[in-house]
Amino acid sequence: MSKKYIVTWDMLQIYARELAQKLLPVNQWKGIIAVSRGGLIPSALLARELNIRFVDTICVSSYDHNRLRDLKILKYAAGNSSQIIIVDDLVDTGGTGKIIRNLYPKAKFVTIFAKPMGKLLVDEYIIDIPQKVWIEQPWDMGVTYQSPLVRDL
């Protein structure tokens, strides 16, 4: 993927607030399940905006910075309920989204960004992104991409 969509911290906060508005009224929600790692920061922003205190994680491994790899569930979260919001940063090819839908069919599944191959899997999202565009999230960047201190072996 040669084209990139650069997301700044400011943009992410604005988009998360827009997503939170779509999730009102808040009394319909009991908690949030973040899809780790991409959904961690959007989940924190939504939890703040909606004043939700219960936040859990499902840990899914699918990317190595910009390379898709086999999906693995590292940790499950309890909570298949229509009162739970599942949050990820994006839906891309739909691999993770299909797993989320199968595990939590009653939950509300939301993302900030959606690409064409996966967007039918989410209930709400904010920004359409073309399939061949790579999204650079602010937690992955300094001035340029910074490798994590610890990498997969």
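Just so it is clear, glycine is given a Cβ too, placed from its N, Cα and C backbone atoms.
The 5-phospho-alpha-D-ribose 1-diphosphate binding site annotation in Swiss-Prot covers Arg37, Gly38, Arg69, Asp88, Asp89, Leu90, Val91, Asp92, Thr93, Gly94, Gly95, Thr96. Positions annotated as GMP binding site by Swiss-Prot: Arg69, Asp92, Thr93, Gly94, Gly95, Thr96, Trp134, Ile135. What Swiss-Prot records for Asp89 is Mg(2+) binding site. Taken from Swiss-Prot, the feature xanthine binding site covers Asp92, Ile135. Swiss-Prot lists Asp92, Ile135 with the feature guanine binding site.
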If you tally other C-beta atoms within 10 angstroms for each of the binding-site residues Thr93, Thr96, the top scorer is Thr96
Around the Cβ of Trp134 (GMP binding site), how many other Cβ atoms lie within 10 Å? Please give the count over every shown protein chain. 14
Would you mind ranking the binding-site residues Val91, Ile135 by how many other Cβ atoms sit within 10 Å of each Cβ and giving me the lowest? Ile135
Can you tell me the CA-to-CA distance separating Gly95 (5-phospho-alpha-D-ribose 1-diphosphate binding site) and Ile135 (GMP binding site), as a whole number of Å? 17
Just jot down the residues in the same chain as Arg37 (5-phospho-alpha-D-ribose 1-diphosphate binding site), at least 6 apart in sequence, with C-beta under 8 A of its C-beta; none if empty. Cys59
Measuring Cα to Cα, tell me the gap between Val91 (5-phospho-alpha-D-ribose 1-diphosphate binding site) and Ile135 (GMP binding site) in whole angstrom. 11
C-alpha of Thr96 (GMP binding site) to C-alpha of Asp89 (5-phospho-alpha-D-ribose 1-diphosphate binding site): distance in Å? 11
Could you state the CA-to-CA distance between Trp134 (GMP binding site) and Thr93 (5-phospho-alpha-D-ribose 1-diphosphate binding site) to the nearest Å? 12
